[in-house]
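Q: Feature table excerpt (Swiss-Prot):
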type	residues	note
BINDING	CYS70, CYS72, CYS85, CYS88	Zn(2+) 1 binding site
BINDING	ASP460, ASP462, ASP464	Mg(2+) binding site
BINDING	CYS814, CYS888, CYS895, CYS898	Zn(2+) 2 binding site
Amino acid sequence: MKDLLKFLKQQSKTEEFNGIKIGLASPDLIRSWSFGEVKKPETINYRTFKPEREGLFCARIFGPVKDYECLCGKYKRLKHRGVICEKCGVEVTQTKVRRERMGHIELASPVAHIWFLKSLPSRIGLMLDMTLRDIERVLYFESFVVIEPGMTSLERGQMLTEETYLDALEEYGDEFEAKMGAEAVLELLRAIDLEKEIEQMREELPSINSETRRKKVTKRLKLMEAFHTSGNKPEWMILKVLPVLPPDLRPLVPLDGGRFATSDLNDLYRRVINRNNRLKRLLDLAAPDIIVRNEKRMLQESVDALLDNGRRGRAITGSNKRPLKSLADMIKGKQGRFRQNLLGKRVDYSGRSVITVGPTLRLHQCGLPKKMALELFKPFIYGKLEGRGLATTIKAAKKMVEREVAEVWDVLDEVIREHPVMLNRAPTLHRLGIQAFEPVLIEGKAIQLHPLVCAAYNADFDGDQMAVHVPLTLEAQLEARALMMSTNNILSPANGEPVITPSQDVVLGLYYTSRERINGRGEGMYFMSVAEVEKAYATGAAELHARVKVRITETIIDENGERSEQRRIVDTTVGRALLSQILPAGLSFDLVNQNMGKKQISKLLNTCYRQLGLKDTVIFADQLMYTGFRYATISGASVGIDDMVIPAEKYTLVADAEAEVLEIQEQFQSGLVTAGERYNKVIDIWASANEKVSKAMMENLSTETVINRDGVEEKQASFNSIYMMADSGARGSAAQIRQLAGMRGLMAKPDGSIIETPIVANFREGLNVLQYFISTHGARKGLADTALKTANSGYLTRRLVDVAQDLVVIEDDCGTHEGLTMKPLIEGGDVVEPLRERVLGRVVAVDVFYPGTEDVLAPRNTLLDEAWCDKLEEHSIDEVIVRSVITCDTDFGVCAACYGRDLARGHIINHGEAIGVVAAQSIGEPGTQLTMRTFHIGGAASRASAENNVQVKNSGSLKLHNAKYVTNTDGKLVIVSRSSELAIIDELGREKERYKVPYGTVLEKLEEASVEAGDIIANWDPHTHPIITEVAGSIKFVDMIDGVTMTRQTDELTGLSSIVILDVGQRGSAGKEMRPMIRLVGADGSDLMIPGTEVPAQYFLPGSAIVNLDDNAQIAVGDALARIPQESSKTRDITGGLPRVADLFEARKPKEPAILAEISGTISFGKETKGKRRLVITPADGGEQYEEMIPKWRNLNVFEGEKVERGEVIADGPEAAHDILRLRGIHNVANYIVNEVQDVYRLQGVKINDKHIEVIIRQMLRKCVITAAGDSEFLEGEQVEVSRVKIANRELVEQGKVPATFERELLGITKASLATESFISAASFQETTRVLTEAAVGGKSDNLRGLKENVIVGRLIPAGTGYAYHKTRNDARAKKDEPVVVNKITASEAEQNLADLLNLAGSQD
C-alpha cells in the first residue's frame, strides 16, 4: 500500500514543471548528486566482464549490472529490492539506475572550467578584469599572480614572471602572497565582493567619457549583476570536484573477438583520473615544485579535453587519429543531443515504400499494400482476433497472423476502415508534406497516391518513396482526420490558392475537351439538353469539338442560399456541354464555356471553393480528374518529329542578322565603335533575331487556316500536340518550343557572360559539335547550382523556423489603431500587384471612407473578403490602412485581428495557430525554385539603365509626388527635388502608373493636366546632372580663375567653349582653399535670395562640373547653370534569388549603402580632408548640427544650401534596412523588406502572401535598445525584448514613475534566434556552448513559452490542439499563486481519499 502511494506521488512530481533553470554547480551540489567517488581509472575486468570496484563502471557507486541482482550474486530477485549487499556493497535494484546515478572525482588541485575561460568573452577574465592571455598564463603555470599584496607596493591581480617573483620575494619576504595555477584564480574570484563592486561601478558609470571604457564597464556590470541576482558564486567557475557521467550514458560494449567498443568519454575520464591520482601521490611525497606544477598543468589540460576537446590547443586524439568526442561535442551540432535526439526522433508504427499513381482513388484515399497494412496494424488485429474469440491468447493471434489465415484479412479490413494513416514525403518543406488519408488495401508492394496531391508533396512517380505513419490513439486519429486529411487541405497556406489543381495529363484532357474545331462533324446542331448531347456524342453523330447550340439548366444560389433553376440556350461545343455535367450546381456554365487551360481550371476550383464550400470542391476536383484522364486518353496527343514545324522565314532572318553582325564588325575594325559597344550590339542583334524567329514559329504553330461551311477562310487555333501542351499549361513553354523548332539562341559562359555567337540550329535540325559543346556549359552549371541551392534553401528555412517558432495567435484583438498603409504596387507603367490582392483577408485598421466624402465605406475591424474587395474596387479606393502583425500590441504572441484570414482555411485565424512556423515554411519552401546567381549587368540589360524620358501607357491625368518644381521661360515645369515621383491617375482617381523622375527633369505637361496614352511627358539627360537655378538674374563667378580652379575647353565639332571646374586634387596649392561658385545678382548688383528663404542664391560647383555660360550672363528661372557629368554608374552586380532573400532577412549592410540624412535641415559642406568631404546639416529650429564624412568618389544628390528631410537619400546606393528603421520608422522598413523579398519571388512566379514576410519582420524587430532607463531596472544601452519593456513601462506608469524609453532594433534572423529569451531554443539552434555558458552564468530560467522548448522537454506544444492544454495549465497556475486555506482532515477521511485515488488509478490503466 505504502509503495503504491509512493509510486503515485512520484508520477505526479515528474510531470508538472513550469520552467527549467540553468546555473553553476557548487562543489557541494556536485557531491550531493554523487553516489560515490571514482578513484581508479579501471573500467571492467575484461575476463569476467564485471565492473572493477571504485572504477569508472563500479556497481557499488552506480548500481547493479543486472536487474535486482547484486554483483556477487548473494541477493537475487525482487523480494530483496532495496537491500544493500554486505559483501559487494551493491544495492539491489533495477539496472536503469546506472543511467541516472552520477559519481564524482575529488580533484587534488582546483581546475578552471574551460567554458567560462575560453568562450568569448571570457567570463573569468571579465570578472577579474584581466585579459584572457594573462589568466591563461597563470592557469597553465607560466607566471605568478599577486593574491594578497599586504603592505607592499604590489597590486592585487598583478602578474609576476618567475624572475620578478623571486626579486619580490627577496625584497618583501613573506609580506605578500602570489600563486600560480587555478588555486590563484580561485582565490582572486573568492575575494570579489559583488555588492560592493556593483555599487562602485554604478556610481562611476555616468562619469565615464570614453566609449570603449564605458562599454567594458557596462559589460562587467551586467556580468556581476547576473551573478548577484542568480545566486551563483564566481568561484564556482573553478572546479574542485568533477562530476562523473552515469556509466550507461558512456557505455563499454564487448565486441566478439575480445575487443571492446567504448565511448570516447571513458578515455577522457581515465586520463583525468590517472593524472589526478598521480598528482595526489606527488603531493603526499612532497615532490619538487616543478614536477607538481607540471602535473597540475596536465590535470588542467585533461579536464579541458573532457569538457570541450579542441577548445584549447590541439585536440586529444584516440588510437585512430580522430579527435575524441568530449561532453561539449555530445550536445552541439547536427549529431548532438539537441538536434539528433530531442528535436528529431524516430517513430514506431511506420513503413516506407515506392509510390505509384492511383488514378481511380478518391481524394481522401491512398492505396496501402496488404503486406504493409498487416504489419502496421498488428496490435489492432491481435486485439480484434482475441475479442472475436478467434484466438485465445495473444500468442495464438500472432501465429494466426504469421500463417495469414483467411480470417486475418477480414479482420484487417475492419480494423483499417476509417482509420486514417499519414503519408509523408521527404523533404518535408511545408506542412502539406504530411497529410492523412484513408487506406484502401491493394495487392502489390507500392503505395498508391492520388494524383492531385502530388503538387503539395512535390512528388512524381519516377521512383520517389514515401513513409506511412499510423496514428494510434483516438485523439491522434481525430486530429489526423479533422486537421490533416487531404480533403481539408485544399488551399495552400502560403498564398490561399488551391493547391490541388490538376496538372499535366488532366489539364491536357480538359483542354482538349473544351477546344472548338471549325467544320467539326455535327456542327450547327441544336440540342434540347445536355443528355441529348451525350447521346449524339456516344453514337458518333457529333464529335467532341463541334460547335453546337445547347439548352442548359443552371442552378442559381442567391444571398440567402435559396436555389432557383434557369434555362438558356448557349453557343458552345459538345465537349464543353459534357463538362457541364460534372459542374456542381450553383456555378455558372460560363466558367467552362472557354478553353480550359491550367489557369482557368485553377480559377474554376477557387471560385467553387469560395462559393460552394469544401465538400463540393473536393467532389468536383475528383470528377475533373477522372474526366481529364479519360479525354486525354481519347485525344491521343503525342509528340512526333513532324509536330515541330520550322518556319520558312527562319533562314532569311538568320542571314539578315549575320549580315548586320558583319557590318558592325567592319565598323569596329575601322575604329568607329569600341569593343564593348560592338559586343553589346552583336548580342542585341542576335537577341532580336531570336525573338523574330520564335514569333514566326509560334504563329506558324498556333494557327491554321480553314474554309468554314460558308466557304470563307477562317483562322483557328491549331491542334498541333506540342502547341496544345504548351498552350494548356500541361507541359513545356514557348521558350522550350522555340528551342525545338526555332533556334536555340544565345548561350552563357559559366561566369555568366553571354557568348556572342548564338546557336542558330534547333533540336529538330540537330546541333553540330561546336554548338553542342557551347550548350554543355549551361547544363552543367544548372546541375551544380541545384545541388548548392538545396542546401542553402534548407538552411534558410531552418533559420526562419527558428526565429519565428514561438509566434502563436493568443487573443482575439489587441485593440491597436496602428497598421500598415497598403497601396497597389506600381512599377513604371504596370500594376504589379493590385490593391485587392494586397488587402484580401486583412482587417481594416482605420475606417475607409467613400472617396471625397466623410461616409464610412468599410468600418474599422472589417475582415476584407472577396465581396468587400469588389466593393473597394467599385469605389476605386486607392489606399487602405490594414492591421498587421508588425504593429500588433499583444505580448508574447499576436492577435487574430492583426493577422486576419487563415489562408489555408478562408476564415479568420483560430487561437493557437502557429503562424510563425507557417510563415517560415511558406517562405522557405519555394526557396529551391529561386536562382542562386548574381546577375552581371551586360548586353541587353544595360540599355534600360540609361532611360531619358517617360512615355505613358494609359490615358489619365498627371500627378506629382513629393516634388518641388519651377516653371521655366517656355512655361514647362522643371523638377528641382530629389526622389520625386510622377503618377498617372485615371478618371476614377485610381493610380495606373508611377515613375521616378530625377532632378532636372523637364515636364511637357503641367500638374493635373490630362495626358494621352503614348505621350512622352518628361525628358531628362541621363548622362549629366544639372544644377538648376530657382531665380532669374545675372551670374557672377566667384573663385573661378582660369588655370587655377578651372580650365576652358573647346568642343571640336561645335566650336563652342565651355568651362570645366578642376577637382581639388588637380589644383595647385593656390586653388586648394578656393571654392568656385556662381552667385546670382539683381540689376543693382545685390545678392538675390532663394524664394521663400533668407538664403542667398549661391551655387557651389563641385569638381569636373561643366559651365556653358560666361560671367555676367543673364539667366532665367529653370535654366541649367552647370552640368555635372555622371560617371556611367559602375555596373553594380545585382544579387538575385536566394542569396538576396537571405541578405534581407539577415539584415546585412550592403557594400556602399545609400547615405541618408540623419536630421532635417539645410545642407552645407565643411572643410575637406584627405579623400573625404565633410557634410553638415543644420536644422531649421537651431538644434545641434550633424556632421558626416563622406568619401569623395560618392556621387552626392544634394548641393550646398539645399533643404533635406530626415531619411532622404543624400548619396545613391542600395539602402540599408537599419538606416531605414532608424530614420523613417518601422512602417517604412517593413514595406521595404516586404517589397524587396516579394520582388525576388515574383521574378520566379512564386506567390507568397505579404503576411508571412511581415511575421518574420516582427520577429526581427522584437528587440530594442534602452535609450533612457527612467525608474526601470534596465541599463542604458541594454538590449531587451520589446514586450518586456512594454510590460515594465505599464507597471511604472501605474505607479506614477518614469517609464524607460527605447529605440527598436532590427536584428538579422540568426542574431534574433540566438537572442531569444529561451536559452533552450537558442542552444539548439547554433553556438550551443556560448548560449549555455551565458545562460548558466546568469542563472537564467526558461519559461518554456515557445514551441521548440516544449518539443525538447517532451511536452505538448503551446499551439494547435496543445494550446488548450497549456492555457488551462497557465490559468490553474495563476489561481494557485493566490493564497490557499488548508483544511485539516481526519485519518479516516484521508483513507477514504486514498481509496478513491486508487480506484481512479485502476480505472485509468
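Positions of Cβ are set from backbone N, Cα and C atoms, glycine also.
Keep in mind that this is a model prediction, so the values were computed, not measured.
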Q: Look at each of the binding-site residues, ASP460, ASP462, ASP464, and point out the one with the fewest other Cβ atoms around it within 10 Å.
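A: Among the binding-site residues ASP460, ASP462, ASP464, the sparsest Cβ neighbourhood within 10 Å belongs to ASP462.
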Q: Beyond the listed site residues ASP460, ASP462, ASP464, identify every same-chain residue whose Cβ lies within 8 Å of the center of their Cβ atoms for the Mg(2+) site.
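A: Filtered neighbour residues, in order: ILE355, ALA459, PHE461, GLY463.
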Q: Going by Cα-Cα distance, which of the binding-site residues (CYS85, CYS88, CYS814, CYS895) sits nearest to ASP460 (Mg(2+) binding site)?
A: CYS895
Q: What does DSSP assign ASP462 (Mg(2+) binding site), in three states?
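A: In the DSSP reduction, ASP462 (Mg(2+) binding site) maps to coil.
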Q: Whole-number Å distance between the CA of CYS72 (Zn(2+) 1 binding site) and the CA of ASP464 (Mg(2+) binding site)?
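A: Distance between the two Cα atoms comes out at 56 Å.
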Q: Given the binding-site residues CYS888, CYS898, which one's Cβ is surrounded by the fewest other Cβ atoms within 10 Å?
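A: Selected from the binding-site residues CYS888, CYS898 on minimum Cβ neighbours within 10 Å: CYS888.
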Q: Hey, for the Zn(2+) 2 site built from CYS814, CYS888, CYS895, CYS898, who else sits with CB inside 8 A of the CB center?
A: GLU811, ASP813, THR816, ARG883, VAL885, THR887, ASP889, THR890, VAL894, ALA896, ALA897, TYR899
Q: So which one is it: of the binding-site residues CYS70, CYS85, CYS88, CYS895, which has the fewest other Cβ atoms within 10 Å?
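A: Comparing Cβ neighbour counts within 10 Å for the binding-site residues CYS70, CYS85, CYS88, CYS895 gives CYS88.
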Q: If you count other CB atoms within 10 A of each CB, which of CYS72, CYS814 wins among these binding-site residues?
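A: In terms of Cβ crowding, the pick is CYS814.
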Q: To the nearest whole angstrom, state the Cα distance for the pair CYS895 (Zn(2+) 2 binding site) and CYS85 (Zn(2+) 1 binding site).
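A: The Cα atom of CYS895 (Zn(2+) 2 binding site) is 62 Å away from the Cα atom of CYS85 (Zn(2+) 1 binding site).
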Q: When DSSP is mapped onto helix/strand/coil, what comes out for CYS898 (Zn(2+) 2 binding site)?
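A: In three-state terms, CYS898 (Zn(2+) 2 binding site) counts as helix.
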Q: Whole-number Å distance between the CA of CYS70 (Zn(2+) 1 binding site) and the CA of ASP464 (Mg(2+) binding site)?
A: 53
Q: List the Cα distance (Å, whole number) between CYS88 (Zn(2+) 1 binding site) and CYS814 (Zn(2+) 2 binding site).
A: 67
Q: Going by C-alpha positions, which of the binding-site residues (ASP462, ASP464, CYS814, CYS888, CYS898) is nearest CYS85 (Zn(2+) 1 binding site)?
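A: Considering only the listed binding-site residues, the nearest one is ASP464.
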Q: Measuring Cα to Cα, how many Å separate ASP462 (Mg(2+) binding site) from CYS898 (Zn(2+) 2 binding site)?
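A: Cα-Cα, rounded: 44 Å.
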Q: Could you round the CA separation between CYS898 (Zn(2+) 2 binding site) and ASP464 (Mg(2+) binding site) to a whole angstrom and send it over?
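A: Rounded to the nearest whole number, the Cα-Cα distance is 41 Å.
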Q: For the recorded Zn(2+) 1 site formed by CYS70, CYS72, CYS85, CYS88, name the remaining residues of the chain with Cβ within 8 Å of the site's Cβ center, in chain order.
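A: What remains near the Cβ centre is LEU71, GLY73, LYS74, TYR75, GLU86, LYS87, GLY89, VAL90.
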